[in-house]
Amino acid sequence: MGSGESKNFGNIAQQSRLDHADLTVLLKQFNAISKNGEIKKDDLKKIIEKKYGSDSSLTAILYNLFDRDGDKTINFTEFALAYGFLVNKTLDDVVDTSFHCMDLNGDGNISKGELRAVVMMNKKMEKYIQNDKKVPLDKLTLLPIEVSKINQEADDLFLQLDVNKDGGVSKQEFIQLASSSPELKKKLTSYLVRDEALDFFGTTK
């Protein structure tokens with residue numbers, strides 16, 4: 001990202017719904033961890049693992065959230081947009097982002113395995129917060145009955161989403177169903193990273 005872009009707070013503020021003070025703090029954080037104006041997946045992975053422990057699902061979800069254009073790097077605009085999305089999100093602006101985040105391998109479809117991983121990560125995050133963030137995600141243990149219940153929840157949801165029963169949920173299926181059912185939209189968007197987890201970059205908003 002060039003210096004001209006980093007100074008263009010006006011456009012970024014409008015898109016991210018963050019103010020100048022927020023962006024100034026974010027730019028300092030971005031510069032502290034970026035190399036040549038960008039953050040690569042391995043860089044983000046190290047930050048996430050330091051905070052939460054090793055959890056590939058969380059890393060994939062967060063990286064997909066930040067890497068908006070899919071070029072495998074995160075520039076400051078993407079960094080600010082993702083943070084702004086997390087702190088200012090509404091039901092109407094998260095459906096597309098939810099699909100992008102849940103499509104863990106970026107192949108354009110959500111598989112049953114990916115949906116299970118997303119729901120499992122979400123439940124672990126709930127437990128992480130309940131434990132005052134003292135136990136890393138990869139150290140949290142779930143009882144077999146909890147795992148079974150979580151997988152069943154994910155499988156039931158997958159059956160709803162996989163309209164044409166081809167074993168994958170396309171973006172079209174996802175958006176169509178979420179847009180036609182407020183209850184389903186709320187459920188799907190609740191699986192995104194929770195606001196309480198925003199401190200992995202040291203943010204305090």
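Note: Cβ is positioned from N, Cα and C throughout, glycine not excepted.
The N-myristoyl glycine feature in Swiss-Prot is assigned to G2; the stated evidence is sequence analysis. The domain 'EF-hand 1' annotation in Swiss-Prot covers 54-89 and is backed by sequence analysis. Marked as Ca(2+) 1 binding site by Swiss-Prot: D67, D69, D71, T73, E78. Annotated domain 'EF-hand 2' per Swiss-Prot: 90-125, in sequence order. The Ca(2+) 2 binding site annotation in Swiss-Prot covers D103, N105, D107, N109, E114. Look at Swiss-Prot and you will find 149-184 tagged as domain 'EF-hand 3'.
Annotated features, which come from Swiss-Prot, shown on the structure.
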residue: D67; record: Ca(2+) 1 binding site; CB count, 10 Å: 22
residue: D69; record: Ca(2+) 1 binding site; CB count, 10 Å: 10
residue: D71; record: Ca(2+) 1 binding site; CB count, 10 Å: 10
residue: T73; record: Ca(2+) 1 binding site; CB count, 10 Å: 19
residue: E78; record: Ca(2+) 1 binding site; CB count, 10 Å: 21
residue: D103; record: Ca(2+) 2 binding site; CB count, 10 Å: 23
residue: N105; record: Ca(2+) 2 binding site; CB count, 10 Å: 12
residue: D107; record: Ca(2+) 2 binding site; CB count, 10 Å: 10
residue: N109; record: Ca(2+) 2 binding site; CB count, 10 Å: 18
residue: E114; record: Ca(2+) 2 binding site; CB count, 10 Å: 22
Tertiary contacts of the domain 'EF-hand 2' (90-125), as residues 6+ beyond its ends and Cβ separation under 8 Å: 55-58, 60-61, 64-65, 68, 70, 137, 140, 142, 146-147, 150-151, 153-155, 157-158, 161, 167-171, 174-175, 178-179, 182, 185-186, 188-194, 197
Distance [Cα-Cα, Å, rounded] between D71 (Ca(2+) 1 binding site) and D103 (Ca(2+) 2 binding site): 15
Helix, strand and coil counts within the domain 'EF-hand 3' (149-184) (DSSP): 26 helix, 2 strand, 8 coil
Remaining residues near the recorded Ca(2+) 1 site, that is with C-beta within 8 Å of the centroid of the site residues D67, D69, D71, T73, E78: F66, R68, G70, K72, I74, N75
CB-centroid shell, 8 A cutoff, Ca(2+) 2 site D103, N105, D107, N109, E114, site residues removed: M102, L104, G106, G108, I110, S111, G168
D103 (Ca(2+) 2 binding site): secondary structure state under DSSP, collapsed to three categories: coil
Pairwise CA distance, N109 (Ca(2+) 2 binding site) versus E78 (Ca(2+) 1 binding site), rounded so that it is a whole Å: 22
N105 (Ca(2+) 2 binding site) and D67 (Ca(2+) 1 binding site), distance between Cα atoms, whole Å: 13
For D103 (Ca(2+) 2 binding site), the one of D69, T73, E78 that lies nearest, given that the binding-site residues are compared by Cα: D69
Alpha-carbon distance [D69 (Ca(2+) 1 binding site); E114 (Ca(2+) 2 binding site)] in Å: 21
Between E78 (Ca(2+) 1 binding site) and D107 (Ca(2+) 2 binding site), the C-alpha gap once rounded to whole angstrom: 20
